Amino acid sequence: MEKFAPEFVGEDANKKAEEFLKHRSFPSEKPLAGIPNTATHVTKYNMPPILRSSFKLPSPRVAANLTEPSAPPTTPPPTPPQNKEEQPKESDVDIETMHVCKVPDNPEHSKKPCCSDDTDTKKTRKPMVTFVEPEEKFVGLGASLYRETMQTFAADGYDEESNLSFEETNQEPGSSSVEQRLDRIEEKLSYIIGLLNTIMVATAGPTTARDEIRDALIGTREELIEMIKSDILTVNDRIVAMEKLRDEECSRADTDDGSACYLTDRARILDKIVSSNAEEAKEDLDVDDIMGINF
């Protein structure tokens, strides 16, 4: 302003100053057009000194990258027309830029996070339901017997029924194998469980009929248990016999050195002929003697 001080005084100086300020862009606190509830913030970036006259002033975005690359300006300021008299000196130039930030109406709303937590939106999976057999089923005279049998013979798939009866299974060829005997034992055990269920149903009838049915079913159960025991014993006996045969074969193979020779009937006849003619070694055997042997 020292340049204009001696030339413009009073009203002329004020007019010149107002005209100069009209061409300059200053930030205002009023909201911009089309953007409600906004406030302006001013940041300054220092430009490096111009070394030569041919150097062009870079854009505000490039100037921001030279000084502070982490905070580039969003909108470049308008470039006002400059007269020859108003050109600044070749020194550091301050460039003012405006950053427009949207200010919410409610200040409490800014404290809340933008997106809700994923943990709140996730649906909690319900735990799996386990079905427990009610204790009311074990009521009656045969409750303890039923409970003990279920605990003793409980297994995976014990309730699977077979298409064949006990007699049809026994009539099958090769039914003496161990696997088939075990299958029959499993079927009999499942049959026992069915009998126990029948006992539980029979306890709801009259006293005399209930006692008779219970005695009959318990007797059938005892018979089936005896049959199972006999099958198990026969299986065990066969296993023991097979082990004995295997041990005998192993011991014979260990002691046999090939010196013992067992002659068949034909070998004995030939041995007699050879032994009878041993004294007459010079004479050859007759063909008729050899042909008379029935091979």
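Each Cβ is built from the backbone N, Cα and C atoms, and glycine gets one as well.
On a predicted model such as this, the values are computed, not experimentally measured, just so you know.
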Which listed span Swiss-Prot calls region 'Binding to RNA-directed RNA polymerase L', if the choices are 244-262, 263-281: 263-281
Swiss-Prot annotation of region 'Binding to host phosphatase PP1' - which of the ranges 34-40, 125-131, 209-215 it falls on: 125-131
